[in-house]
Structure formats: structure tokens, C-alpha cells
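Have a look at the structure below, then the notes.
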Ligand SMILES: O=c1[nH]cnc2c1ncn2[C@@H]1O[C@H](CO)[C@@H](O)[C@H]1O
Ligand SMILES: [Zn+2]
């Protein structure tokens, strides 16, 4: 099924996992940054994983190289602009892009400068292309509670000015979300929307933890089907699952894709949508996700329409903005 011309919405996409390899090479040469190779084809292998990737922890190592070229305002704006351009060319009408500001302080920028540089690149692209973008700021699980509060404060400062919410990302296996209970309590009290990566490297118990913190959206949440009570809860609370099949293949979150639960979720009125997670690290895009899924399960245009609608419903934007996007889908 060719979906190039179908309008698309995506809620789960990491900026640093989605850099153009040619740009990584160009920026590294410009700034004299050491790379393992200066051959573009070989570099692509360093920037992405294949089916031999072991687990999430190994997957996360792939973010080191893109991180090296994302340490100046100019470069941060450039890669942000390019990602939005890539999305616009794939016919996206709305996307939420996420990244972790703490990973971009190595050359002396402060957190505000990092966020503003990314917003600047996004703004430049959204002026040129007919696409709406908002930004999510990631708290990293392995960093301190103090740093998590910095991200909360940063989100509060820029909310409504290009930033729409918070995320918790990183090593789910070794760092439970409950470490950040205080942060998410404050976020909830202040009405700051958030999503939490859960149910990817661990099973339903990790999803329960995220829900106990008040998450109304889950990054992946894919393993929720293992627990019937959890399925009931997702349905009752209308909690959204941001599903990313090819990423799940790479982190081994799901063993058998013939039973990939996305279809089951949608058929059972669970709010699930389709996402790419990391366009470069997982060497993917929306079309590839659909092709990949189609080789295991039946999905059709009606399903894609449902994914889009679910994504819009759960987006961290106003009701008016949601209506506008729904009209655009027609
Ligand atoms: O699928 C994922 N699960 C958990 N963390 C992830 C995933 N993809 C990327 N990141 C982490 O989020 C950071 C900010 O964008 C990335 O640097 C990476 O460490
Ligand atoms: Zn993710």
C-alpha cells in the first residue's frame, strides 16, 4: 500500500534519532568532529541498528554520534529544520518532536539556548511548509532528579511557545519511572502534559508505574496486551499508546510480529497510533512502518485513518487546533 500521498500525524519521534546521515557527515567535517568513518555509506551503518541489535540499552548507544554534531545553536537549528522538511515532504500535517536538552550542553550552551535553537529551526521550516510541529522535552531516566526538575521548569517556561509537553525517555530496564514521581506530581498539578516511555524494555508492571504517575500517553506501551486488567484500564482511562513497530523489532520488545498488537488495540477501541520513533537509528519512515506491518498483519487505509485520528485526539494541543487538523485530514 503506497501511502506517500496520505496525510499523516505522528506523536513519537526523536530529533536526535532522525538526523540525515549526510548532514552528520557535513557538520562533523565543518566542526572538525571525530567520526569513526568519513565514508557516507559506512557512516549510515554507525548511525543505525539492524536486526542484530541486542536490546534497548544497545540501541541507545546509537545516539552518541548524532549528539556530537548537536552542540551548537547553528547545528541544532539546522537538524531541526531538516527533520521538519523531511516530514513535510512525507505529507505530515502534524508531528510532535522530542529530544533531551541535557545532551546538548557539551560546548557551553545552556538549556534555554538549546531549546531556542531547536525552536528556531522548527519555526523556519513551518514557515516554509504547511505543517504544524510542537516539541516535547525529554527527562532522561539515568540522569538525576535535579536535572529532571530542570526539564520540568524548562517545559513550563516554553509551553505554548513551541513546546507542548514532557517525556521520560532512556533506559527503562534499569531505571523505573517511579524515581521521578515528584516531578510528575508537579507536572500534573501545573497541568503540564506528559508522556512516558514504558512497556518497551519491561512488561506491564512498567506500564502500571507510568500510569500511576498520571501518564495519559505511553511511549510504546506495546507490551500492555500481556495483562488483561491493564487493557481494561487503558480503555477506561483512554490512555494513548504511541506504537513504533520497527523500533520494537530492533529493541526486541516484541518477539513475534504476526501477533503485533496494534491491530488488536485499535479493534478493541484502545487509543493507539503509528509512529516511527527514530527515522535514522531505525532506518525508517511512515511508509516503511506500514510496509513492515503489512508483511505480518492486515492493515488498510481505514486503519491509517484511525491512527491519524487517535494521534490528533491525544496530541498535546488545544481542542481548536485538533479540529483544524481533523478538517485537514478530510
Ligand atoms: O525507543 C526509545 N526508548 C527509550 N529512549 C529512547 C528511545 N529512542 C530514543 N530514546 C532516547 O531519547 C533521547 C532523546 O531523544 C535519545 O538520545 C535516546 O537516548
Ligand atoms: Zn522513543
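Here the Cβ of each residue, glycine as well, is placed from N, Cα and C on the backbone.
TrEMBL does not curate its annotations; it predicts them automatically.
Annotation source TrEMBL lists domain 'Adenosine deaminase' at 8-329. The Zn(2+) binding site annotation in TrEMBL covers 12, 14, 197, 277. Annotation source TrEMBL lists substrate binding site at 14, 16, 170. According to TrEMBL, the feature active site, proton donor maps to 200. Positions annotated as site 'Important for catalytic activity' by TrEMBL: 220.
Recorded features from TrEMBL, shown on the structure.
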residue	record	DSSP (3 states)
12	Zn(2+) binding site	strand
170	substrate binding site	coil
197	Zn(2+) binding site	strand
220	site 'Important for catalytic activity'	strand
277	Zn(2+) binding site	strand
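Taking only the Cα positions, the spacing between residue 197 (Zn(2+) binding site) and residue 16 (substrate binding site) is 16 angstrom. Checked against residue 200 (active site, proton donor) by C-alpha proximity, the binding-site residues 12, 14, 170 yield 170 as the nearest. For the pair residue 170 (substrate binding site) and residue 277 (Zn(2+) binding site), the Cα-Cα distance reads 13 Å.
For residue 220 (site 'Important for catalytic activity') paired with residue 12 (Zn(2+) binding site), the C-alpha to C-alpha distance reads 9 Å. Sequence-distant neighbours of residue 16 (substrate binding site) (same chain, 6+ residues apart, CB-CB distance under 8 A): 63, 66, 67, 70, 99, 100, 103.
Residues 14, 16, 170 make up the record's substrate site, and a Cβ search at 8 Å around their centroid adds 15, 17, 60, 63, 98, 99, 100, 103, 138, 140, 169, 278 from the same chain.
Around the Cβ of residue 220 (site 'Important for catalytic activity'), the number of neighbouring Cβ atoms within 10 Å comes to 28.
The Zn(2+) site, placed at the center of the C-beta atoms of 12, 14, 197, 277, has further neighbours from the same chain whose C-beta lies within 8 angstroms: 13, 17, 98, 167, 169, 219, 220, 242, 244, 247, 275, 278. If you take the C-beta of residue 14 (Zn(2+) binding site) and look for same-chain residues 6 or more apart in sequence within under 8 angstroms, you find 63, 97, 98, 99, 138, 169, 277, 278, 281.
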